[in-house]
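Asks: Below are the structure tokens for one structure; questions will follow.
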Amino acid sequence: MAEMNPAQGRVVFEDVAIYFSQEEWGHLDEAQRLLYRDVMLENLALLSSLGCCHGAEDEEAPLEPGVSVGVSQVMAPKPCLSTQKTQPCETCSSLLKDILRLAEHDGTHPEQGLYTCPAHLHQHQKEQIREKLSRGDGGRPTYVKNHRVHMAGKTFLCSECGKVFSHKHKLADHQKIHTGERPYKCSKCGMLFMERSTLNRHQRTHTGERPYECNECGKAFLCKSHLVRHQTIHSGERPYECSECGKLFMWSSTLITHQRVHTGKRPYGCSECGKFFKCNSNLFRHYKIHTGKRSYGCSECGKFFTERSTLSRHQRVHTGERPYECNECGKSFSLKSVLIQHQRVHTGERPYECSECGKAFLTKSHLICHQTVHTAAKQCSECGKFFRYNSTLLRHQKVHTG
């Protein structure tokens, strides 16, 4: 076996830690402190189990034969380690350098002699550290930034963005984001995907397969994440609130999309025509206008549609289905959007207001029609007569054309 690299042969706790002052520790929030505690305890347990030391004072401790420890790169320079002893032992008043050595020292007192098994002692030491960290008296805390000690492990670094992966194939998948590579093609519509799993999910849109079924209502979905989102409908929980208008949402993604109504932000742009959209799904649907692909055909009349949902709505013309019922008057509608508009008759809500005169309307189309009152009148080129609406002008012109 090749001789172990001396740089890898000895691992001390400081090799995987970054030291901060007490003042710097005070700037960390609770989540960061909890992360520090959990990572440090995990590293402590692993180093202890391997017989590795925790600091420079244990320089001569032997490493267990046949075990190599790979250390993830620390992303900030490690400052010079202080030799000041700041941690008092509550039993004998001895001063120790840090809470790690204090935890080890605590195990030497007679009342703790019952920890004859190393595993039990290590567990006790971890509890000592956890207690001290919870009290906030950690002295000079060591904030470990998401880096772990891996036994005989490797990490794979993306040269483009610096992100680290535990497996080579995960790095390869990630790098397709930078290269733009999409090696998986749908045989039905020609769409390209970065990952085979994404292609498999997409192909269900063509086959109609929906393997994930809700046990409450029986509705089925293409992928598990869609089912999980749907199930919140049954619980009624809406934990995400808009700080602007107070509206509540079931999902954080819906809240983010909604907030663009207030900010006017439209981050998704079409590379073909330059039109921008509030959410990615709207851009995806819009792209089909440029490709001209209509994959979903009606079996009754042969008409084709770009979206399965549009086909489903269209088929209600043939079936006569009206699944959306008004709970005020019992009237039914084929589209949910039409039901929402109808319900404003009962509530009196008129959300579309004219910026010129303040008059409000039930629907946006009614507002647009009204706004022509404030714009220039339409004149007939034949007789010079004026009309308020373009549609009225077109009807009038038939008098001249016959």
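Cβ atoms here come from the backbone N, Cα and C positions, even for glycine.
So Swiss-Prot says this about it:
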type: DOMAIN; residues: 11-82; note: domain 'KRAB'
type: ZN_FING; residues: 87-109; note: zinc finger
type: ZN_FING; residues: 156-178; note: zinc finger
type: ZN_FING; residues: 184-206; note: zinc finger
type: ZN_FING; residues: 212-234; note: zinc finger
type: ZN_FING; residues: 240-262; note: zinc finger
type: ZN_FING; residues: 268-290; note: zinc finger
type: ZN_FING; residues: 296-318; note: zinc finger
type: ZN_FING; residues: 324-346; note: zinc finger
type: ZN_FING; residues: 352-374; note: zinc finger
type: ZN_FING; residues: 378-400; note: zinc finger
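Give me the local environment of each listed feature.
Replies: Confidence in the zinc finger (87-109), given as mean pLDDT, stands at 55.
Using a Cβ-Cβ cut-off under 8 Å and counting only residues 6 or more beyond its ends in the same chain, the zinc finger (184-206) has close neighbours at 173, 176-177, 222-223, 293, 295, 308.
When Cβ-Cβ distances below 8 Å are used as the criterion, the zinc finger (212-234) is approached by residues 201, 204-205, 250-251 of the same chain, each at least six residues removed from its ends.
Here the zinc finger (268-290) has long-range neighbours at 257, 260-261, 306-307, meaning same-chain residues at least 6 beyond its ends whose C-beta is under 8 angstroms from one of its own.
Summarised by DSSP class, the composition of the zinc finger (324-346) is 11 helix, 4 strand, 8 coil.
Note on the zinc finger (352-374): DSSP counts are 8 helix, 4 strand, 11 coil.
Residues 369, 372 of the same chain lie 6 or more positions beyond the ends of the zinc finger (378-400) yet place their CB under 8 Å from a CB of it.
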Asks: Other than its close neighbours in sequence, what residues sit by the zinc finger (352-374), given a CB gap under 8 Å and a spacing of at least six beyond its ends?
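Replies: That would be 341, 344-345, 388-390.
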Asks: Please work out the helix, strand and coil residue numbers for the zinc finger (268-290) from the DSSP assignment.
Replies: 11 helix, 4 strand, 8 coil
Asks: When secondary structure is assigned with DSSP, how many helix, strand and coil residues does the zinc finger (296-318) contain?
Replies: 11 helix, 4 strand, 8 coil
